[in-house]
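According to TrEMBL, the feature active site, nucleophile maps to 236. What TrEMBL lists as active site, proton donor is 260. According to TrEMBL, the feature substrate binding site maps to 109, 148, 234, 264, 329, 376. Taken from TrEMBL, the feature Ca(2+) 1 binding site covers 147, 192, 205, 240. Per TrEMBL, the feature Ca(2+) 2 binding site maps to 236, 260. Annotation comment: TrEMBL describes 56-64, 180-194 as disulfide bond. If you look up TrEMBL, you'll see 329 marked as site 'Transition state stabilizer'.
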């Protein structure tokens, strides 16, 4: 069972250097997070508090100036798309200056976990962001790195030497695994106890078998969450730390924890859902990416297979996973696919799947960056335009549809998504999560696709009016409750029974039949 649901409102007086802050602590559990949708931000690349739009060349791998005050200034933009949570990049002090891998603008090269990254702002600024979110009933998720810290080598000799006094609060080589780089990803000890990176940029692997190191990390995460009223944690490089480290780490955090297990294999990833609340669902991500970016050879049936595996093997099923199609570590969809029908199908996926939808900043503006660092563009170059942005409006509608589904069906969040077999299984997908029925295709804008929902699926009543919330077009089921749909433009369809829509809401209100309780149809 998940940890007991906590939704605790508490006032905490925190004395900063020049001001007094009163912060609201939500201490949100996995159950509370499951109702949310998340907008992921690379802090340095999102917005500046002074409204400036400096030059930002991703290839230079340098700080561009984004900060926490900039995020505060754009909360209307984020909330306007329907998001009620944000995930920001790591907040702690990183290695300074140029390295072989560029500057640490992304936040993943920690040097002192007890200090904040001054490039992003002060402690006051971070608490202001937390307060601003909570005033809007939004959640704050912070990215944390447990596996490693980073220091420049002090010599080129092997083994290399480092100034361990810079790596705080550890400060000594005894808190780190002996120097060795990962060479065999089939050897779990090698994965957990050797180092990521390379000789020019080594990521010094913390010894998470060392009791002192372990207790330091447990106390640190407890204080971090408390000091900044953090509601959830995204945990980096989880598979590189022993599995039995994570349960007590999560318990000390006391909030929802979702881990990055970067692999496409469900049996490998599943055990990590026992220590943390859940994981980012990479196995399904890879299936979705391959199905939609390989043209006619993309196989949609693999998505259904991967989701079914995850439902059966993850602790708590897939109800708490992070469901995503882009992030800072993987190429943007539009770096591979330009057909906007396919792009809209891909973006639809996280909202109609089990789990918590996560949208990576810039998707809504149609960003096209490839692999890191190209996929870490400055959002201010878009002008935060909300006019004539089809993908932004698409996301806004999907957020609204999911929220309406949660309101209408009390069991929505804990009902497994179900796949209805189709004759063209390689190019189409019919996804049922009542009251939502999503019809997806990888055929593209020039394709003609058909879906058939038999009455044996038990989804609809006879002659029932359904609304495609993406277009507000309606269809009527057959006299036996079956449904047949043909599309000639390759666009996704997300149907909801007209009776589920609020006649006063913003989601196809003109097609609503009025409010009613969920009857399982």
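Glycine is treated like the rest: Cβ placed from N, Cα and C.
The structure, with features from TrEMBL marked on it.
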| residue | record | CB count, 10 Å |
| --- | --- | --- |
| 56 | disulfide bond | 20 |
| 64 | disulfide bond | 23 |
| 109 | substrate binding site | 25 |
| 147 | Ca(2+) 1 binding site | 21 |
| 192 | Ca(2+) 1 binding site | 19 |
| 194 | disulfide bond | 18 |
| 234 | substrate binding site | 24 |
| 260 | active site, proton donor | 21 |
| 264 | substrate binding site | 15 |
| 376 | substrate binding site | 23 |
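The Cβ of residue 236 (active site, nucleophile) lies under 8 Å from the Cβ of 90, 108, 143, 144, 145, 146, 147, 260, each of which sits 6+ residues away along the same chain.
With respect to their backbone Cα atoms, residue 329 (substrate binding site) and residue 56 (disulfide bond) stand 18 Å from each other.
The separation of residue 205 (Ca(2+) 1 binding site) from residue 148 (substrate binding site), Cα to Cα, is 4 Å. Residue 205 (Ca(2+) 1 binding site) has none of the recorded positions 64, 109, 234, 264, 376 nearby, counting only those with a Cα within 10 angstroms of its own Cα.
Take the mean position of the Cβ atoms of 147, 192, 205, 240, the recorded Ca(2+) 1 site; other residues of that chain with a Cβ within 8 Å of it are 148, 177, 191, 193, 194, 195, 196, 206, 208, 237, 241.
Note on residue 148 (substrate binding site): other Cβ atoms within 10 Å of its Cβ, all shown chains, come to 23. A straight line from the CA of residue 192 (Ca(2+) 1 binding site) to the CA of residue 180 (disulfide bond) spans 11 Å. The recorded positions in question are 180, 205, 329, and the one with the fewest Cβ neighbours inside 10 Å is 180. Among the binding-site residues listed (109, 234, 264), 109 has its Cα nearest to the Cα of residue 64 (disulfide bond). Nearest neighbour of residue 180 (disulfide bond) by Cα distance, taken over the recorded positions 56, 234, 240, 264, 376: 240. Across the structure, residue 194 (disulfide bond) and residue 264 (substrate binding site) are spaced 21 Å apart at their Cα atoms.
Each residue contributes its Cα atom, and for residue 109 (substrate binding site) and residue 240 (Ca(2+) 1 binding site) these two points are 15 Å apart.
Counting only same-chain residues six or more apart in sequence, the Cβ atoms lying under 8 angstroms from the Cβ of residue 240 (Ca(2+) 1 binding site) belong to 147, 148, 191, 192, 196, 205.
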